[in-house]
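**Q** I'd like to ask you about the structure that follows.
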Amino acid sequence: MAKLKTVYFCQNCGTQFPKWLGQCTNCGEWNTLVEEVVEKSSTSKNYSGDKKQHIINIIEVNAQEEPRIATPSEELNRVLGGGIVLGSVTLIGGEPGIGKSTLLLQLALKMRKKVFYVSGEESASQIKMRADRLTDLQNPECYLFTETSVDKILHEAKKLKPDFIIIDSIQTLHSSLIESSPGTVSQIRECSGEIIKFAKETSTPVFLVGHITKDGQIAGPKVLEHMVDVVLNFDGDRNHLFRLLRANKNRFGSTAEIGIYEMISQGLKEIKNPSEILITKKFEELSGNAVAVTLEGNRPMLLEIQALVSTAVYGTPQRSSTGFDSKRLNMLLAVLEKRAGFQLGAKDVFLNITGGIKTDDPALDLAVIASILSSNEDFAISEKYCFAGEIGLSGEIRPIPQAEQRISEAEKLGYEKIFVSNLNKIPKRKFGIKIEEVGKIEDFHERLF
Ligand code: TYD
Ligand code: MG
């Protein structure tokens with residue numbers, strides 16, 4: 001027998017309460033408790049052993065590589081750690097309009113597999129219209145289903161036996177076992193639980209789209225992220241063309257990799273070599289520009305840093321930065337002032353990383369300093385130079401991780417000289433690019449100009 005039970009869930013953090021309260025005692029949010037009916041099965045049999053399951057010593061387990069389906073998208077393969085693992089559930093979250101549906105529809109259309117595309121958000125004709133825009137319809141076996149009932153979806157999936165399921169989005173689904181409306185904590189938990197069970201039982205990989213809340217978290221209970229195998233985050237500056245796909249969690253691979261896409265009128269285009277696009281082709285050398293060699297995951301990427309240093313018009317000098325931590329900028333300015341004697345205290349400093357990319361790689365420091373010095377002295381840095389180094393508080397240039405990888409990327413892109421820390425110990429004979437090793441800011445300034 002099943003018995004009905006009402007509980008209250010906090011819509012913010014997912015904590016369960018037996019009674020209504022004005023404030024959630026767990027996360028402190030007000031008015032977030034919502035009554036939900038959960039069906040609780042009261043059958044509990046005494047466990048009397050299971051013939052199939054037994055305890056195994058870890059030495060005896062023969063681990064095999066999980067079978068993977070390589071997708072036609074190299075960027076996606078890289079982020080997933082080499083392809084989609086059979087029976088895995090991947091959750092992909094991101095701002096509205098960032099391109100989650102486009103990414104997955106493109107995947108469905110390009111795969112040479114039987115794909116079951118479930119949409120609770122768009123009608124079949126809307127999806128077809130979008131598919132026509134994408135113009136890479138190659139898949140003769142892409143089946144659409146516009147439904148929000150998880151029972152019906154799984155029923156159809158059992159009949160169709162697809163190789164791959166896409167569900168857009170988990171927040172629109174509802175299960176008949178729960179009475180609350182779609183998108184609530186208990187519905188999301190129940191629906192994703194059923195989908196995950198289906199995926200594991202039939203070894204069908206599933207992609208779920210997840211909405212995010214206004215502070216960037218995937219909407220619904222945190223437990224959703226614990227339940228799925230992979231959590232991807234699709235983001236990027238909406239005003240810029242780039243979209244970055246990152247793994248926040250990956251049970252089958254590293255979370256350090258990123259995939260880079262560009263939104264064009266034919267959908268999302270993969271960007272194989274981001275550095276080429278991020279660096280503007282200059283016709284003349286401008287002061288205040290410097291190129292930094294950073295790493296996103298294990299992938300080296302060249303970014304252009306622009307600085308503008310001018311005499312402050314108002315009493316208090318302004319410091320502003322786009323794409324770079326402004327506290328770090330202040331620190332670098334203080335180091336320049338104190339350790340190298342540059343008078344920047346009465347100057348406005350503006351800093352910008354072009355391309356709308358945000359990164360927190362400390363190796364950017366050296367390029368930031370170079371661009372500030374270049375703008376301050378109105379002296380252009382050769383466009384054949386690039387920089388990778390962290391600055392310490394005493395003005396020393398510190399070594400950076402994976403220096404050789406960065407150097408070979410810079411060399412590949414045709415740079416002639418790279419400035420790095422003298423503590424990096426790089427075997428110079430290996431590279432064609434000139435490696436300029438510097439130890440202190442003053443030393444760096446002398447060698448740069
Ligand atoms: P969409 O995939 O609907 O976003 P999400 O599912 O994450 O909410 O992306 C929609 C945006 O992408 C929309 O604003 C228009 C743009 N877009 C293009 O620029 N080109 C295209 O070919 C497509 C399909 C969409
Ligand atoms: Mg969508």
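Glycine is treated like the rest: Cβ placed from N, Cα and C.
I grabbed these lines from TrEMBL:
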type	residues	note
BINDING	G94, E95, P96, G97, I98, G99, K100, S101	ATP binding site
DOMAIN	65-212	domain 'RecA family profile 1'
REGION	348-449	region 'Lon-protease-like'
MOTIF	249-253	motif 'RadA KNRFG motif'
**Q** List, in sequence order, the residues of the same chain other than G94, E95, P96, G97, I98, G99, K100, S101 whose Cβ lies within 8 Å of the centroid of the Cβ atoms of the recorded ATP site.
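**A** Going along the sequence, the neighbours appear as T102, F234.
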**Q** Please work out the helix, strand and coil residue numbers for the domain 'RecA family profile 1' (65-212) from the DSSP assignment.
**A** 61 helix, 32 strand, 55 coil
**Q** As a check: which entries in E95, P96, G97, the binding-site residues, place their Cβ less than 6 Å from an atom of ligand 1?
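**A** The ones that qualify, in sequence order, are P96, G97.
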**Q** Around the C-beta of G94 (ATP binding site), how many further C-beta atoms are within 10 angstroms, looking at every protein chain?
**A** 23
**Q** Long-range neighbours only, meaning 6 or more apart in sequence with Cβ under 8 Å: which ones does K100 (ATP binding site) have?
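**A** I92, G93, G94, D168, S169, V209, F234 - these are the non-local Cβ neighbours of K100 (ATP binding site), listed in sequence order.
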**Q** Filter the binding-site residues P96, G97, S101 down to those with CB closer than 6 A to an atom of ligand 2; keep them in sequence order.
**A** S101
**Q** Please name the residue among the binding-site residues P96, G97, G99 whose C-beta has the most neighbouring C-beta atoms within 10 angstroms.
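**A** That would be G99, with the highest Cβ count within 10 Å.
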**Q** Could you tally the C-beta atoms, other than its own, that fall within 10 angstroms of the C-beta of E95 (ATP binding site)?
**A** 16
**Q** Between 0 and 100, where does the mean pLDDT of the domain 'RecA family profile 1' (65-212) sit?
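**A** Across the domain 'RecA family profile 1' (65-212), the average pLDDT comes out at 90.
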**Q** What's the number of neighbouring CB atoms sitting within 10 A of the CB on S101 (ATP binding site)?
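**A** Looking across every protein chain shown, the total is 22.
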**Q** Quick check on the motif 'RadA KNRFG motif' (249-253): DSSP residue counts for helix, strand, coil, in that order please.
**A** 0 helix, 2 strand, 3 coil
